[in-house]
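Here is the structure we will look at.
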Amino acid sequence: MPSKDTPAQPPRRVPGKLAPFLASIWGPLLFMALSLVAGALLLRGPADAITVLPAAPDQSAWPMQYESTEYRKQSLAEILSGGSALSEGWSRTASNWSGLGYLTGPVTFRTTFRNTRQDAIQRWVVVPAPFLDQIRPVRINHSDGRPLPMRTMGDQYPGGNRILDLPFWVWPVTVPPQTSVSLLFEVTNNGPLMLPVSIQSAWELAGVSGKVLTWQSLIVGFLVLTMLLNLLFTFLFRGKGISWLTVLLLSAFHNELVLSGFGLWLLWPQWPGINTLTSVTLPLCLIAVSQFSRHVLSLRGPTTTLMHGLSVAALVIMGARLAGLSFPGQGSMLVLGLTGCGLILGLSAQRAGHDLNARYMAIVILTLMVGAAVSSLRTIGWLPVNTLTNSGFSIGAVVANLVLTVLLIHRFVLERQQRRQFHQAARQEQTLRNRLEDDYQRLLRSHRVTRLPNRPVFEDVLATFNPEESPYAVVWVRLGRYYEIEQAVGYRHAEQLLRAYVTRFADFLERQLGDHLLRIENATIATLDASSHAFAIRALPRDATFWHSLADWLHADFTSGRYVFSWNPSIGVALAPEHGHIASDILSRAGFASLNPTDVLTFYDPATADRHNDQQLLMLDLDNALNSGDIEMHYQPKVRISNGDVVACEALIRWQHPDFGAVSPADWIPVAEKLGAIHQVTLWALDRAACDLAALKQRFGDQTRVAVNISAHDLGESGFVEQALATVRRHGVSPGALILEITETAAMTDEARARTVISALSDEGFRIALDDFGTGYSSLGALAGFELDELKIDRSFLAGITHSEPRQRVFFSAVELADALGLQVVVEGVEDREVADWLRRFPGLMGQGFYWGAPEPLSNR
């Protein structure tokens, strides 16, 4: 239930420091206290004189004959003045139950007894209705008809008015022999109006009193127990809903004390107003039930308004009683209470299927309604007035409070279980978190696969050494085939093989180097990534024996189970302090040295590294250079050797870098090809050549074509044919005006793909030239399978050709091959007149070289 304690709607803000107090658990209790104080101050009882007490009756057990109980809705004074005390015309009650309901005016009851003996009998007149406001009795002996006043008592009178301190009203009476006695009781009561009367001997009175006291003590004890438990839960859970339950318990407790005759007159006999506070506590019961239901059922919207409406109606009845108004009375309160309980019962029934609180609440309301119904039926005379029916509402309240206490205990147990489960889950979570933290720290300091120290740890260990005082060497071992093996056997098997390999490698290093090894958190090797591992040596071995042994061991086939293979390792070595003082720099330089594809063991070379760094910087500037004009196009003419006419120009890229100056294509184009950046360069070259073609034709004639170099990466790009077509169309150039020069090596890299792309380009009208013929290793059969238009003979054919017959025969063969294939021949690298004159013997031959012109930008021509 603590979880259900959230108010259905936010409480209305009260200015000042009172707001948080009223919104807390103390708000309902403060409301109850103020209501009780107001009732005690405003409600007053009559101030009748106390008559003299007669002597106590004797202990005779002789029987008396009960004749009848009748009533009139008149005051005692009216009856006596009218002389109708012993007359006919009185209304009879059902037996001695005498319940008349809730009346607004006084009623006078007449009970007649007859003494059939020959002597007087003394008895106790008992009215077991201790909650009556006022009983004014008169005794009339039929023998003389003279009224004899008796003690006026009632719940609104000081405790001293009671003849005996018992929880009901008693009067001693003496009945003369052989005569009848009528007892007239004027009853005034704000609540149920009745007069259950009986004549008892002293022993009978003592026995009945004991039973009543035991029964009422039991009920009060249960109320006190549930009230104490509820107060405990109120302080434990600190919920406003439970606070309203406390108000209900306290109100029911007071009602039971008053209705059972155990009123607070026992403590304060001169303060009868306390007993009149049922006019306050009964409405408080309905207010508390309504507000408690709103919280425990988590009501929202119209149902919340309905609960507030019930509370307001009960508050109006309370205010009317405090103001001294006779209407509405307790009857109206009973009707309102039953109506409210019925509404709450309906709301609880709607939610009972899915809400534990609603099921408990339905039982609570049923018990309250049964208790109220018993009290009502007793009041209207349908049930006898006795100890059980007098306590009907109180019994219902006790059972209801016990049920609510069970609910609270149930919720408390559930909460304890949930809290225990939460703490258990929290401990498990903390254990898991600690394990994850350990795993995380291990992952931060070790490699996932090998469990060896990782790069940051290795660098931290190296950083603890001063290279000037303690020189060391870092060795980087790169396993070139790791990812190939992983793809072949799967990553799980590859990781198992790798762990076995590094374990054996560590054993080898221990045997070879021993104490010369630099320990890395008790490990020999650090794993930088799955394919790269490193170790450090305190002092570089003076002879080459270790390095040979290391290379031999690494290159030996690795055997594990059914697998026998080589990891294809490469080794890079960097020295401290020769190659640096910072640990991370030394390790990076060892890694750079291991990238050498030609040697197994490579020591770091600063010059090679600088060149590599420069190339990397150039690649970073490539995009900007293409857009800024640092890269521009130069054109070298192709001429007809027989007459020197220019028939085409080859587009050659030149880069003027702001920091490095003129950068040779050999220094950056291979790197761009390796990094996959060459394709954007090719597209830029195609666009620039197509753009400049009009100017070239204007200078050299309409027959002029322009040649652009195409790489193997371009042939592998999907959509390259469409991109080339889009370029020439954008500039309004015919595809036949562009010559796409493809090297022999590029054509043979992926022969099938190259043949498909070249065929598509040729079909679109582009001219295709095979560049650098004679430098590759293609077969003549493969060469014949390409759709070519030109064959460019490499400049290497011209070295010493004017004086070397073997070279001349090779050249003749190349020209004849081109003629056989129907290709136009272009000779590259013609640089002097002697070679140009020698080439003129071949009709239709084209030439290109510095003899006819160097590559120049278009602006210089």
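Each Cβ is built from the backbone N, Cα and C atoms, and glycine gets one as well.
TrEMBL annotations: computationally assigned, not manually curated.
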Stated TrEMBL location of transmembrane segment, expressed as one of 274-293, 574-593, 814-833: 274-293
Contact check, the transmembrane segment (244-268) vs the transmembrane segment (393-414), 3+ Cβ pairs under 8 Å, seq sep 6+: yes
Most Cβ pairs under 8 Å with the transmembrane segment (360-381), selected from 213-237, 330-348, 393-414: 393-414
Chain residues outside the transmembrane segment (213-237) and at least six past its termini with a C-beta under 8 angstroms from it: 1-2, 5, 25, 167, 243, 245-246, 249-250, 252-253, 256-257, 260-262, 387, 391, 394-395, 397-398, 401-402, 404-405, 408-409, 412
